[in-house]
Amino acid sequence: MLPVVVVHGGAGHIPKERSELSTSGVTSAVRAGYAVLRGGGSSMDAVVEAVTYLENNPAFNAGCGSVLNVKGDVEMDAFVMEGKTLGSGAVSAVRNIANPIQLARLVMDKTSHLCLTAEGAKQFARSMGVPEVPQESLITEYSRMRWRKNLAPDANPVECQMGKMGTVGAVAVDSQGNVACATSTGGILNKMEGRVGDTPCIGCGGYADNMVGAVSTTGHGEAIMKVVLAKHILYQMEQGQSVEAASDLGLACMKFRAAGLGGVITVDPQGHWAARFSSRQMAWAAAQKDTLHYGLYEGENFTQSIDVQH
């Protein structure tokens, strides 16, 4: 069963003309993460590699391609956690960083803290030699178009969220049975300056524990935080639920208690995995036993050899 890696490209509504970009993006990212595991790398190495791949892909709302806040700026959040020691690191409201997920890992590896924010995260990045990039390099025409559209006085916020390629994430189990998760996002469209969502909050945007499993979440951040979604799912697994059932129960709780839709990817230390969502779509992909699995709509699970480029 081991190793295994699963990625998501965000829950929401993906317009038809962008669905192919989304599917090819997650399958490429899962290949990158699986190559790390096949080469003997750790689950943490694999999830950071996969999410870096997604941050570098302008089709997703993370890194280059992040949605813009109300002022038209990029502010990004990211989180990593490994299940052996519960080591974790996060950054919030960061700008001018191409790969926030790598900065989150540095917070985990190089500090005694769990989360650094805004200016503090920027100073830390400089001290670690992380290069700064111009904000323009992170903003796509698509993001700017949607930001402008949402500023119009007659804008329909529901319609404006359509086409939102949400938060990206990955979970993995390596051949030693260690689990890890990584989640990264540009947040929600036209958010207030300084808004921090679920992604960098431990137990919300993700959680990893070798005793139970690992989860990465996507969807409406405020709703995810209200039910502490990632930890909620792992609690269900501790009660004996399967990865699929636990994921569905967590999403149902969020819908019922917080009126929020979203999606999750979940693994347990034995290599069982699930990609579940209550939203209209979620681009996801998984790699296990040299087989690639992927889907976009409910019930889809296409497969091919991991070595065959689609």
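Including glycine, each Cβ sits where the backbone N, Cα and C put it.
As written in TrEMBL, here are the features:
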- Thr167: active site, nucleophile (ACT_SITE)
- Arg195, Val196, Gly197, Asp198, Thr218, Gly219, His220, Gly221: substrate binding site (BINDING)
Largest CA-to-CA spread of substrate binders Arg195, Val196, Gly197, Asp198, Thr218, Gly219, His220, Gly221, angstrom: 16
Integer Å distance between the CA atoms belonging to Asp198 (substrate binding site) and Thr167 (active site, nucleophile): 10
Position of peak Cβ density within 10 Å, selected from the binding-site residues Arg195, His220: His220
Long-range Cβ environment of Thr218 (substrate binding site), under 8 Å and at least 6 residues apart: His8, Gly10, Ala11, Gly166, Thr167, Val168, Gly169, Thr183, Thr185, Gly262, Gly263, Val264, Phe277, Met282
Nonlocal residues around Gly219 (substrate binding site), in sequence order (Cβ under 8 Å, 6 or more apart): Ala11, Gly12, Gly166, Thr167, Met254, Gly260, Leu261, Gly262, Gly263, Phe277, Ser278, Ser279
Proximal but sequence-remote residues of the same chain as Val196 (substrate binding site) (Cβ under 8 Å, at least 6 apart): Asp77, Ser92, Ala93, Thr117
Under 8 Å by Cβ from Asp198 (substrate binding site), counting only residues of that chain that are 6 or more apart: Cys204, Gly205, Thr217, Gly221, Glu222, Ile224, Met225, Leu229
Least surrounded among the binding-site residues, given as Gly197, Gly221, when other CB atoms within 10 Å are counted: Gly197
